[in-house]
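J.: One structure, as structure tokens, below. Some questions next.
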């Protein structure tokens with residue numbers, strides 16, 4: 001953007017072009033920070049209520065999704081082939097209302113860090129997976145109320 | 001199993017009493033709606049609850065006891081509260097007690113009839129009662145069709161609070177046997193303006209309905225249905241837009257109250273959209289009429305039309321010469337060129353004939369912009385269509401000629417190869433022709449083939465012009481559609497009172513202490529703007545492209561007439 005703007009300025013001798021370029025860069029940066037760059041993602045699992053996924057963006061905006069326990073079938077680690085490597089990601093399987101055995105939707109978690117870090121994150125994912133499974137197990141073995 | 005207690009945050013500072021609310025046994029959760037204070041007579045409480053249950057169809061009952069002691073724990077009070085458990089028998093009896101100003105409360109449950117007395121874990125969820133009562137939970141769009149039995153747990157909670165509005169009518173400052181604390185205890189809210197508007201709206205609606213029925217009666221009268229007029233009405237987009245707005249007005253002014261949330265929002269959206277439309281239209285009108293801009297517009301209209309016609313004449317002269325270096329067939333060129341030039345000449349004379357009246361017509365037409373900005377835009381689009389009518393005519397002539405030529409060529413080409421199109425079987429069959437048939441056919445074929453570039457060029461030029469006009473008209477219509485279908489009221493609601501449109505909830509974990517129950521704060525997660533627009537879009541007679549790119553190109557190549565924008569009500573051809 002800057003090269004083009006400077007070239008245009010040299011051609012037209014109009015200083016508006018440079019200020020317009022500054023403006024566009026600022027706007028673009030703000031949009032990027034607010035909508036694209038994810039700072040932090042967190043997962044909150046409450047055994048009897050549900051699972052909540054929060055992503056907080058660099059500008060402070062937070063977006064939350066809450067999935068009730070009744071809709072959650074399971075939490076698994078899935079692997080996928082992306083370009084030249086195999087990546088692992090954690091995802092929540094949602095129950096299909098009509099078919100008790102089927103899965104209606106797959107919700108992937110922690111999207112932002114999928115293509116970023118180079119060191120293996122499988123160990124982090126395994127930790128999260130173990131804790132999730134502990135809580136989900138309690139749900140299955142709890143005595144049914146009449 | 002874990003017991004979940006939904007506690008309204010407004011009752012945190014209430015005096016001691018008993019808790020009333022709804023117990024949802026399938027989810028093992030208790031939704032607390034209010035606190036009844038001492039002194040009370042149990043029989044009266046039960047009576048009151050029975051009445052509430054009858055009116056709201058929500059099974060409200062006494063769930064437990066609440067003790068808020070400013071000093072240390074009073075032993076007698078706690079025993080008294082336990083005894084209450086025997087009077088109002090409820091399984092399980094929840095006891096919540098708060099000491100002083102501490103944030104951490106102790107909850108315990110008493111299970112008298114359970115066989116295995118295990119220590120139940122309790123989760124305390126705070127919720128803002130007023131917001132939950134006013135908000136409307138939107139199910140995710142893909143499950144909107146499913147039945148209500150497997151409705152989510154959250155919707156049960158929202159439902160409970162929303163339907164118990166009658167419970168919130170009396171509170172502890174009223175005289176009466178029951179003294180309650182709930183969200184309205186901090187002060188009953190009401191607004192004079194809203195009440196006045198509600199009172200005034202009924203006669204206004206009746207007046208509007210009467211006027212509208214009169215108007216639509218006139219519109220539907222037989223006079224306006226004769227053939228030339230009805231054809232005209234269907235072609236002018238202004239009339240369609242006016243009809244559309246009329247429909248909207250009818251929806252608003254109907255006497256029936258809105259049944260559910262969707263209808264209410266729709267009515268409100270239509271009302272706000274109409275209001276903004278008319279306001280913008282009046283603004284536009286005032287801008288136009290100030291400094292006599294209409295006069296200027298009318299003055300420049302004729303020169304602009306003249307200029308367009310002159311440009312067209314230049315274009316035709318260029319085509320009649322050797323355009324872009326291509327060599328045209330001189331005779332055909334001259335014929336077509338003169339034909340189109342004569343048309344333009346006719347058009348110019350008509351425009352000059354009309355020119356003294358233009359200003360007057362424009363002045364009166366501009367007045368109708370006060371009906372709304374959309375109407376003004378539709379009028380603009382119609383004026384453009386009328387002014388470029390000659391381009392449309394040329395396009396039709398050029399297209400028909402070209403189409404004829406292409407069909408002729410293709411059928412003669414088949415003859416050239418000895419085949420024929422079998423109409424019965426809808427396929428190409430071989431056929432033996434006589435010698436003179438073949439001779440004439442070949443001759444015609446060569447004639448048509450060598451005349452093809454000329455016709456093709458004319459067709460190309462006029463099609464491009466026509467496409468330009470169509471694109472401009474399409475853009476205007478798109479803008480009109482946008483204004484029509486944008487749910488402004490919902491968007492403003494989402495901006496200002498975002499808790500009314502809820503897509504879900506979010507939980508925040510508050511500080512914890514060992515031995516005390518887990519505390520969570522439940523807040524409403526509002527619907528995203530995109531979701532709001534998708535949910536509450538007003539239906540319009542939207543126009544969108546009729547054909548895909550491939551079929552459009554095919555039609556252009558074959559010379560069929562294209563009408564690229566399809567309106568929703570049109571029948572498929």
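Just so it is clear, glycine is given a Cβ too, placed from its N, Cα and C backbone atoms.
TrEMBL labels come from automatic prediction, so no person has curated them.
Pulled from TrEMBL, these are the listed features:
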- B:200-219: transmembrane segment (TRANSMEM)
- B:270-289: transmembrane segment (TRANSMEM)
- B:335-354: transmembrane segment (TRANSMEM)
- B:361-388: transmembrane segment (TRANSMEM)
- B:394-416: transmembrane segment (TRANSMEM)
- B:437-461: transmembrane segment (TRANSMEM)
- B:467-492: transmembrane segment (TRANSMEM)
J.: Sequence-remote contacts (6 or more beyond its ends) of the transmembrane segment (B:361-388), Cβ cut-off under 8 Å?
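T.: Non-local partners: 236-238, 240-242, 245, 274, 277-278, 280-282, 284-285, 288-289, 294, 297-298, 301, 305, 308, 469, 472-473, 476-477, 479-480, 483-484.
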J.: Counting a contact as 3 or more Cβ pairs under 8 Å, with residues at least 6 apart in sequence, do the transmembrane segment (B:467-492) and the transmembrane segment (B:270-289) touch?
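T.: Yes; at least 3 Cβ pairs under 8 Å.
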J.: Using a Cβ-Cβ cut-off of under 8 Å, list the residues of the same chain that are 6+ residues beyond the ends of the transmembrane segment (B:270-289) and lie near it.
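T.: Sequence-remote neighbours of the transmembrane segment (B:270-289) are 245, 248-249, 251-252, 297, 366-367, 369-376, 483-484, 486-489, 492, 538.
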J.: May I ask for the residues of the chain that lie six or more residues beyond the transmembrane segment (B:437-461) and have a Cβ under 8 Å from a Cβ within it?
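T.: Result: 315, 319, 323, 326, 328-329, 332-333, 336, 398-399, 401-402, 405, 408-409, 412-413, 415-416, 559.
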